[in-house]
Amino acid sequence: MAKVQKNFVCANCGAVTTKWSGRCDGCGEWNTISEEKPLSASGPSKKTLGGMRGKEIPLSSLSAKEAPPPRTASGMDEFDRVLGGGLVPASAILVGGDPGIGKSTLLLQAAAKFAGAGLKVIYISGEEASAQVRMRAQRLGLAEASVQLGAETNLRDILTTLEAEQPDLVIIDSIQTMWADNVESAPGSVSQVRAAAHELVTFAKTRGVSVVLVGHVTKEGQLAGPRVVEHMVDTVLYFEGERGHQFRLLRAVKNRFGPAHEIGVFEMTGDGLSEVTNPSALFLSERDEPVPGSVVFAGIEGTRPVLVEFQALVAPSPHAQARRTVVGWDGSRLAMILAVLESRCGIPFAGLDVYLNVAGGMKVSEPAADLAVAAALLSAREDAALPKDCVVFGELSLSGGLRPVGQTENRLKEAKKLGFSSAIAPSHSKAGEKSGMALRQMSDLIGFVGEIFGAG
Ligand code: TYD
Ligand code: MG
């Protein structure tokens with residue numbers, strides 16, 4: 001008899017190894033590796049699949065007409081937008097986020113909205129007792145919503161209930177607390193999370209029920225448990241925000257039924273999350289006078305323009321090794337821009353501490369922010385403020401050239417709406433006809449430095 005191959009799985013990153021060790025080679029975490037039992041006790045069947053007769057599956061051509069999926073809008077616009085225009089029947093959605101960020105609050109509010117839109121909604125809480133969820137609902141003013149509540153972690157009982165109730169939408173809060181009794185490991189372990197997600201997603205697909213799975217994230221900001229859960233579901237949303245700040249972002253990182261990278265903006269208030277329809281106003285700090293080191297970037301998040309403010313501080317360093325501290329932006333991208341400023345424009349930052357911050361706790365990942373960052377750094381270093389009514393955007397190449405970025409027209413429109421009147425952008429930006437903004441186009445960083453801060 002062939003020797004059964006043992007599998008060991010890291011509970012943090014999901015890496016599979018053939019032998020146990022104290023530290024995972026994949027993610028470097030200690031004490032996260034445990035043995036994983038195969039799903040079926042009998043092991044793989046000896047017969048190869050090719051030897052057995054199956055039945056032929058029907059094939060169709062690509063040209064077959066497919067109507068767009070019918071969607072149910074909750075009426076919570078920020079939530080619907082992130083889903084791609086509403087909830088698609090039989091879809092599986094994963095919502096990840098730090099503990100305490102407001103996932104349960106968001107989903108309870110969404111559940112009530114969907115129930116109001118005519119869906120039969122069941123909310124299963126594995127973390128809180130029904131009474132706790134009811135108390136939250138009362139606080140949110142949702143006590144009258146026709147959402148059915150269950151507090152359970154046993155997956156078998158949950159599936160039996162769902163089978164009997166035939167809901168349109170099920171919310172599972174959270175997938176880490178679910179426990180399948182046919183899998184021999186503790187709730188929250190990789191095999192349990194994977195098995196529970198698999199069962200629930202299969203149930204969603206075969207019964208035409210939409211499921212929303214709530215997932216915790218690790219301290220590195222990734223969904224705890226195996227990444228395979230992300231592959232199993234149709235849509236992955238992250239609910240994020242800074243602890244000290246009121247606002248929360250719901251961000252689509254994967255969506256089979258709509259655009260990815262779409263964001264919805266909410267504000268956490270005393271009675272639940274309220275929608276923020278004009279996020280740009282939220283991320284700009286109130287100021288009357290232009291401040292050195294502060295530059296407004298006209299960005300795009302998903303399909304929606306958002307203005308954010310970059311703040312830089314450059315000061316002589318008391319340390320042998322100067323500090324580079326970034327909040328809300330990519331640290332290695334900052335290093336790249338400092339290098340371009342130094343070698344292409346001859347502006348050294350050696351011996352200077354550099355701090356870069358995105359105001360309001362927003363995180364920016366667009367390369368189009370390069371020019372705004374360079375402008376903020378220069379403005380801080382030279383102690384010279386940019387004009388108050390000016391927004392900046394453009395990608396920087398290593399040669400010091402500026403590259404045009406997409407959606408110039410939308411960026412300009414948003415800036416105009418918020419009272420800005422001029423913009424600095426790369427040459428050849430497709431600005432459209434009537435933006436109402438004075439657009440200054442520049443082809444490289446040296447030109448930009450010369451024009452805005454005076455050569456030298
Ligand atoms: P919760 O939805 O329980 O977070 P999660 O499910 O992601 O762990 O939200 C908890 C936090 O939200 C808690 O710190 C209190 C705050 N909160 C409010 O500020 N206002 C409210 O109306 C509610 C319900 C919660
Ligand atoms: Mg919760």
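In case you wondered, yes, glycine gets a Cβ from its N, Cα and C as well.
What TrEMBL records for GLY97, ASP98, PRO99, GLY100, ILE101, GLY102, LYS103, SER104 is ATP binding site. A 10 Å cutoff on Cβ-Cβ distances gives PRO99 (ATP binding site) a total of 9 other Cβ atoms nearby, all chains included.
Annotated domain 'RecA family profile 1' per TrEMBL: 68-217, in sequence order.
The annotation region 'Lon-protease-like' is assigned in TrEMBL to 353-456.
What TrEMBL records for 254-258 is motif 'RadA KNRFG motif'. In the predicted model, residues of the motif 'RadA KNRFG motif' (254-258) average a pLDDT of 90.
Contact annotation for binding-site residues (GLY97, ASP98, GLY100, GLY102, LYS103, SER104) versus ligand 2: LYS103, SER104, each with CB under 6 Å from a ligand atom. Taking a C-beta cut-off of under 8 Å and a sequence gap of six or more, ILE101 (ATP binding site) has these contacts in its own chain: PHE239, GLU240, GLY241, ARG248.
In sequence order, PHE239 are the same-chain residues whose CB sits within 8 A of the CB centroid of GLY97, ASP98, PRO99, GLY100, ILE101, GLY102, LYS103, SER104, the residues recorded for ATP being left out.
For the binding-site residues given as GLY97, GLY100, GLY102, the lowest number of other CB atoms within 10 Å of the residue's CB is seen at GLY100.
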